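Chemist: Questions regarding the structure given below will be posed in turn.
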Amino acid sequence: MSSSSSIRDFAQYVGRFRWPLTAAELTDTTRCPACAATLPAPVCPSCGLDLRHPAARELLTASTDAATALDRRVQLIGQIRFEVAEAEAARAVAAEQLVAVQRAAARAAEAERRVTAERQAQAHADAQAQAQAQAQRAAEAARAAQA
């Protein structure tokens, strides 16, 4: 690296360049890192990039690091989508379970109301029968007393 390399922005000298379409292209050493042409020799026959330059190793390292970062990015996007979908599914199951529990509770409450109403009706019928029996005994006792 020359002394001018540390103070220059070399992006203006990039020349022919194509962004890789995939992270794997970043580390494919059979293709030119600048134009993606097949690389049969250290100098690209298509764009002239000379990979014998000392910075070529740094370029491969930067490309490998970028590919790793892009793969990690894809993993994080996948993780977010998976975990959000999993959480939504869990919420849906919990909501379904809550509805099922509420329906079961409503059925149980209705059954309890029916049982209570039947018991009250039976108690009322028993009380009426007892009152009728008592009235009948009183009437029989009154007839017996008159006789």
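Along the chain as shown, the residues are counted starting at 1.
Note that Cβ sites are derived from N, Cα and C of the backbone, with glycine treated the same way.
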Chemist: Tell me which range among 8-42, 113-147 TrEMBL lists as region 'Disordered'.
Modeler: 113-147
Chemist: On the DSSP side of things, how many residues of the compositional bias 'Low complexity' (118-147) fall into helix, strand and coil, could you say?
Modeler: 29 helix, 0 strand, 1 coil
